[in-house]
Every structure is written in C-alpha cells, then in structure tokens.
C-alpha cells in the first residue's frame, strides 16, 4: 500500500486538487490519490491511445500496475487549459428526475436484416406469413450482412448445450458446424433438462384472453363487494409486513397457497421423520402460508436496474429476499408481455416477491387474483412510496398516502408510514428515528426499514431501531457485495479485477436472459450501462481516509491503484461504454447512451 501511495503521489494526486478533506458531501479519499478533473481524463485518454484498454484477459485477469503520470506544475500541455476554458463556457443546467427525452435506440434498430424466426426453429413447418413476412428468408444474404462475431465462446451453448439463436447468435462460430448447422451437446442438454427453469412466463392463450377481457375474476368481485359494504374487517397483524423505505414504501400481502406448494390440493406429501401439523392438516383455500422473513436481507425492488440478472448477482453475494421490478397492474391485466417479463423468477431466488403499482382497489384486487392463479411468488409488494410523476399523478405510489380510504381498501390494517417525503427525494438522509417510532407503533406487525444503507455499520444501526429487518436499495447498486459485508461484518477492499469479474458474470446472465443475438446483446449492454452509472459512485475501501463511505458522499476526482480502478471511477458515459466493450465487444454504429436518471456530469 505504501508503494501504491508513492505512485499516486507522483501522478499529481496531491493537495493541488482543490478538494478539501472535510468538504461536505464529498467522500474522504486519501490525499495521495486525489487529482484534478483535467489530469483524471488525461490519464484515461493517454492509455486509450496506447490501446491498453483492449488487452483484457477473459479468465483470471491480473492486476495491472498503477500507471504513472509525471505531470508537474507548469509542464502541462495545452489540453488542460483548453479543458478548463471549455468547462467555464459550458454551465450545465441542474437536472433532476427521469431523463425522458434522452437519446435512445431500441436494440431492434441495429438489425437491418433480421432473419425470420421460422428458420431458427428447426422445424419443417414453413413461415405462416408467406410472402407477407417482414423478415428475411434468404440465409445467404443474412450471413453476408451479419456483423462479425463478438467472441469465440457462446454462453448459451456452454451452459445449456444448445443455442436457440443458431446463426443469428453473435457468438455463432462456437456452435455452427462446417455446413452451417447448429451443433448440440446432448449430455449438457440432458443434464440441464433436469434443472428448474425460469418461471412466471405469460402463456399465449392467457395473453389472448386478457386482451379480449375474457378472464373471470369471481373471487376479486366478491372481495370488492365486501369491501364496499359495512365496516372494514380486521386481519391479524402478523400476516402483513410493512416496509418503510425512501423510494418504495410497501406492504407485503401473502397470497393464497403461494410458493407453488399446492397446499389445499391433492394428498399430503410423504415425509421422513416426525410428523407435524402441516403434514396431516391441509390449508383451506382461505388460509395463507405464513412467510417469516424477519432478520433477513431484502433486496428492494429497483426500477430498470433490479432486473433478473442483477438479482442473480445479489443472490450470489448473500441477499435473502428478492423482489421484481415495479409492475403496473393495468398493464398486467392487459396482457402486455413487457410488463409480465418483470415477474420472471430465477431458480436461485428462493424467497421471491413481485411489486405491484396501482391506484384503485378493483385493478389491484383483480391483479392479485390473476397472479395467484398463474405465477409462483411468495408475497406481493404493494408500492405506496414511488415518487415519480408518472405514478404519482395517477394516484399511485406515494399518492396513496394521502388517499387513506383507497389505501385502506387496497391493504387493510396499514397506517401512513414513510421515512422520507416525496419532495425530499434523495437530497437528505432517511429519517431513521422516525422509522424507530413507527416500528414501536406497528408492533407486533413486522416492519422493515430502508434508507441509506451502504455498510455493515449502517445495517447494524438500522437493526438497533427495532425493525424486523432491513431492505437494501441504492447500496446494492453501488456495491452488490454489500450483503456479504453485512453478513460477515467486514469491509471488503474488492479489487478492480474482481469487480470486472462481477460485470462479466452479469453479462453472462444477461445473455442467458435476453438472448445472444444482436437484440439480446444490446439489451444486455443497455442494462449494464444503466448499472455502471451507479457503480461509478463506489470508492474502494483502500482509498478512503475513514470508513465507511456514506451514501450521500460523492467521490471527487481520484486516480485508483490501477488503470481499471480509475476507469471504473469515471462518471462519463463514454468510459462506461469502453467497459461494456471489454465484455460485449464494440458498440454498433451510431450508438448513443445517456442514463435514465439525470446528472450534470453525464454526456
């Protein structure tokens, strides 16, 4: 560490950076690692010109030596002066909220010539659309215009023994025979056939019924009629779990016979050893399987970034409970495939729930009945805390806090609880003393707390408030290994190569989930870039003057202990794209990216 400090000091990362050690809202990085904005980007650009960024091994990457930038006062070339002058001319307007007008190209637009899916299904049935098909049927023409492969290994072929994307796969060279046939590893296919697959897909027949409004919601209609007549019935406090969270205040309502255990149907499952009541007594349809998640680490539902590949990463690092992204009830009831995709569950998610957003009891109740009949989940998380205008102006999210009558009809027995106001957003820390008061009032109902947890110390302080458990949201985006730190009660000084391996695993999971053709690769790249817009805020443990890093402390410009660590600290979208190209190959022509959340530094 002493040798690294000397290298960073020689590179101009000393006290001339102009960032005070105790500046409010700035991460306390050691002085020897600090630098100026101009020297930071000059360091990255210098290595880019040498092409070192492209020399990244695929397996077991070794830590590169920290590069030295010998820039002394008065020796800088004209680039620094030009950069400063350009920065003075461009005064960025402060931007907040979602970037709805950001430039964005759909992955389908990168495929000018798309092959007809009927040619990939390896069946004798011709295309049902015939001459009216808008896809290409000439395989030779497709192969002439298809971009070059992105790598020698196909994740789907290595994992499942067969790639369903055949010649359209961007790694097709790994599984195409000499005559263009799609190769199959029979042993791997047979082994994978015995493993559980991703669940909660939308059946085509059900989708058609939903679109034609032919689905009957008899139980929902009965429940709604009871809600509007007479006093509100009471429920046991233990059957509901309330969650105080800065972005998504939520309530977990257990569905009938959730988890796919088939309780109440068929004969009891034979067991070994002593018998329990559950072995001989079947649950009635009106009863619910009790879910105990007290003391467990809960990965919060995260819009855009909380996708299935990201949840797999968090499960690897110790997350106990996972939840899908926010899904709108109206879209689910209309059978929208993109909304149903948010409900998919990977086999590694042993305790899994879905988050529903809605503003009215009828749609929420019908959606709950629909999901209870069709998918496998352990709980439903009702969103009553989302602050974005799209949800708030329709009466959903945190707007339900002010609509107590509707809220009581949607979830009975829950009071107005929330650790941060909508106007406050994330500009201030969560009010944990208030959450502590709510936990006492809500007792014996279990209450989960969430807000500004980025270290095991933060988690310990949160548990001292009396909550039943904690939910991790933005902290998991900054460092998904946070769950390991909490469980092992330590700070993990993770290296840049280990972080790159995590990103590589994410891309592998993404290709499994979204596909290995051009659309799947670019969709994986898009979500990787969205995640990198959060990961760049993480400061390695070894660079901090004091531990832990606070979630509201943004890192100043600093030079890491190696080039890759410095590249990962960049807040420029162009540098995130460079990281994505290490894992997914070069971006398509005309590729542009701007993160969904606005920030002044992003370009």
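Cβ coordinates are placed from backbone N, Cα and C, and glycine is handled just like the others.
Checking the ranges 110-140, 141-171 against TrEMBL, the zinc finger annotation falls on 110-140.
Taking Cβ pairs closer than 8 Å, the zinc finger (110-140) reaches residues 146, 164-168, 180, 182, 517-519, 522, 588 in its own chain, all 6 or more past its ends. Under DSSP, residues within the zinc finger (110-140) fall into helix, strand and coil as 9 helix, 2 strand, 20 coil.
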